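What follows is one structure encoded as structure tokens, with my remarks underneath.
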Amino acid sequence: MSKRVFNFYPGPCTLPLPVLQQAQKELLDFEGCGMSVMEISHRSQRFEAILAETLSLAKKLIGAPDDFCVLLIAGGAHQQFAMTALNLLADGGSAGIVNSGLWAKRALEEAQRVGKMVELWRAPDGKCTTLPDLKTLTVPKNLRYVHLTSNETVDGLQFPELPDLGVPLVLDVSSDYYTRPLPWDYCDIVYGGVQKNLAPSGMALVFVRKQCLREHTNLARFFCYKHHADANSLLNTPPTWQIYILHLVLKWIEQQGGVAHFAALAQKRSAKLYDFIDNNDFYRNDVEKKYRSKINVVMRTPSDALDTQFWQEAETHALVGLKGHSAVGGLRASLYNAMEMAGVEALIDFMHDFAQRH
């Protein structure tokens, strides 16, 4: 095998090497059945066993209470931007949203097609460097829910806490899923695309409070959470390969020590990188410190030209995916669960060398 690189892309994400090796081992012959897991029927006992354990592990590891169901739905977070509103605003009413960046804005745009959305806070156009203090946010009590994007990958922003706002929360945790505990007591829906921390792209992992599962006769069955729950995530032929990899990743998360382990690792990785950025004159991070993301670290060199030279040269040192989002430029290192400390250390070594030469 050729040397693996350190993958800092924002998604699809770097996956744990033991998971990839297990998938490689079983690729042509899963559990001696003579077929790949990509070929076996989703109605077979083998796949139903994978699905059952995946759903069970997903719920157990994230600490979701019994009054939540867990769903695996083909598509991604963009689809959930609409589905959350389609299900929770089907009977009218309005919802709030904290428009904290590009992904919250996308969620707002989709939800507005369905019902009335109230912007409780709006990020400035372009580069955003701060977030609102959620504890002091004015939230009308008549809102059906408030939508929050827990971590904004583009600007490197993350809410350090997700407090009770007095109305139920709908959380998009796509980029920090399974990196920290979640406030289940006041959530109605928690969702995320799996491609950041958990599996290949093409699927969303969704937790819905059971009391929110209702039949909506004016809604296509595929877009109704109740139908997915009633079908045990088998409403249509599911993305079996993504579910299989998710199953392996969840087992790996459990073996490593669960969410508590990865919360500590996220703090350790990001702190090391931010400390290096803050203690030299070549790199800078403009995000207000208390809102800095532990998952997506953004930074800049003294010029756009050097930013480009940095990520291009980094690729020749087995450090890939460091180019910032096209909307804001700069540089970005995505530190998802499978990113080892060795990757951060290698990045810092390169940053030091690059700064010395420029």
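Using N, Cα and C of the backbone, Cβ positions are placed for all residues, glycine too.
As recorded in Swiss-Prot, the features of this protein are as follows:
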- Arg43: L-glutamate binding site (BINDING)
- Trp103, Thr153, Asp172, Gln195, Asn236, Thr237: pyridoxal 5'-phosphate binding site (BINDING)
- Lys196: N6-(pyridoxal phosphate)lysine (MOD_RES)
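On the structure: features taken from Swiss-Prot.
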| residue | record | DSSP (3 states) |
| --- | --- | --- |
| Arg43 | L-glutamate binding site | coil |
| Trp103 | pyridoxal 5'-phosphate binding site | helix |
| Thr153 | pyridoxal 5'-phosphate binding site | coil |
| Asp172 | pyridoxal 5'-phosphate binding site | strand |
| Gln195 | pyridoxal 5'-phosphate binding site | coil |
| Asn236 | pyridoxal 5'-phosphate binding site | coil |
- request: Enumerate same-chain residues with a sequence separation of six or more from Asp172 (pyridoxal 5'-phosphate binding site) and a Cβ-Cβ distance below 8 A; give 'none' if the list is empty.
  value: Ala77, Gln80, Phe81, Trp103, Ala104, Ala107, His147, Leu148, Thr149, Ser150, Tyr191, Gly192
- request: Between the Cα atoms of the residue listed as 'L-glutamate binding site' and Lys196 (N6-(pyridoxal phosphate)lysine), find the distance and write it as a whole number of Å.
  value: 28
Field: Lys196 (N6-(pyridoxal phosphate)lysine) versus binding-site residues Thr153, Asn236, Thr237 - nearest by Cα
entry: Thr153
Statement: By a 10 Å Cβ neighbour count, the lowest-scoring of the recorded positions Arg43, Lys196 is Arg43
- request: Please report the number of other Cβ atoms within 10 Å of the Cβ of Asn236 (pyridoxal 5'-phosphate binding site).
  value: 13
Message: Return the residues near Thr153 (pyridoxal 5'-phosphate binding site) by Cβ distance under 8 Å, restricted to its own chain and a separation of at least 6 in sequence.
response: Pro10, Gly11, Trp103, Ser175, Lys196, Ser293, Ile295, Asn296, His325, Arg332, Ser334
Query: Of all the binding-site residues here, Gln195, Thr237, which one's CB has the most other CB atoms within 10 A?
result: Gln195
Trp103 (pyridoxal 5'-phosphate binding site) CB neighbourhood, other CB atoms within 10 A: 21
